[in-house]
Amino acid sequence: MLTFALTIVRHGETQYNRDKLLQGQGIDTPLSDTGHQQAAAAGRYLKDLHFTNVFVSNLQRAVQTAEIILGKNLHSSATEMILDPLLRERGFGVAEGRPKEHLKNMANAAGQACRDYTPPGGETLEQVKTRFKKFLKSLYQRMLEEHGLSDQCSASSSGPSEPEQPVIAGLASDGVHDVPVHALIVSHGAFIRVSVRHLVEDLQGCLPAGLKMNQVFSPCPNTGISRFIITLHREESNPRAARIQCVFINRKDHLDDVKNSD
């Protein structure tokens, strides 16, 4: 059995974000000046945490954000950054590069809600979820291979006990005080929204007191931060999440000092 923390960060702002244009996978833009400030603020916020593993979308806005976060970190600057195309943004097909309002108009014309609509050539929400599930499977396997043995050796011989609820005090270290294995993911807004929904709804993740479902499924702001504590069991060749505890969703306290953030 292995328990690890999973911190998920959305990339910083790009000019396309500011101009409300869809990027998806085909538009690979760098961070704007504000995006650099946001990533630096996230890095300062997370600087005292030790990330044992780092996984990043291979689109440059995510890579730049991760590089800035790790550059500010006191314990993880040498941690290998693994670029994984499974963490890319949802593909929006013919709508990429166009205003978000254009996507809304296409959805209305099709008689669908914008969130559920798939433009021609784009990914469905189910396809995005399948991509995240594939990433989770490889993540679980890697975490057990790299950290599972030492965790098992240090486990109590009295057997597993019911995990305590994480203490949430509004700090960057919430939930990770006694969790030495910690993975960082840097990805994208639509992908993170689908991923969080899968962790909470499909995998029945436990929510902290006071967190409402509309907050869980709200859009993630640029460099918004979410965290889960995951306990894995190894079942033959397939690891399984025995428990998923949500610590917080879309936290943005670090952005208070960033001008013009949105």
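Yeah, the Cβs are placed from backbone N, Cα and C, and that goes for glycine too.
Bear in mind that TrEMBL entries carry predicted annotations, made automatically and left uncurated.
Feature annotation from TrEMBL assigns active site, tele-phosphohistidine intermediate to His11. In this view, His11 (active site, tele-phosphohistidine intermediate) is surrounded by 31 other Cβ atoms within 10 Å of its Cβ, with every protein chain counted.
Residues annotated as active site, proton donor/acceptor in TrEMBL: Glu89. The Cβ of Glu89 (active site, proton donor/acceptor) lies under 8 Å from the Cβ of Gln23, Gly24, Gln25, Ser57, Leu59, Ser187, His188, Gly189, Ala190, Phe191, each of which sits 6+ residues away along the same chain.
Within its own chain, Arg61 (substrate binding site) has His11, Gly12, Thr14, Gln23, Asp28, Thr29, Pro30, Leu31, Gly35, His188 as residues 6 or more apart in sequence whose C-beta sits under 8 angstroms from its own. Feature annotation from TrEMBL assigns substrate binding site to Arg10, His11, Gly12, Glu13, Thr14, Gln15, Tyr16, Asn17, Arg61, Lys100.
In sequence order, Leu22, Gln23, Ile27, Thr29 are the residues of the chain that are 6 or more apart from Tyr16 (substrate binding site) and have a CB within less than 8 Å of its CB. Spanning the listed substrate site, residues Arg10, His11, Gly12, Glu13, Thr14, Gln15, Tyr16, Asn17, Arg61, Lys100 have a farthest Cα to Cα distance of 19 Å. For Thr14 (substrate binding site), the count of additional Cβ atoms within 10 Å of its Cβ stands at 23 [all protein chains shown].
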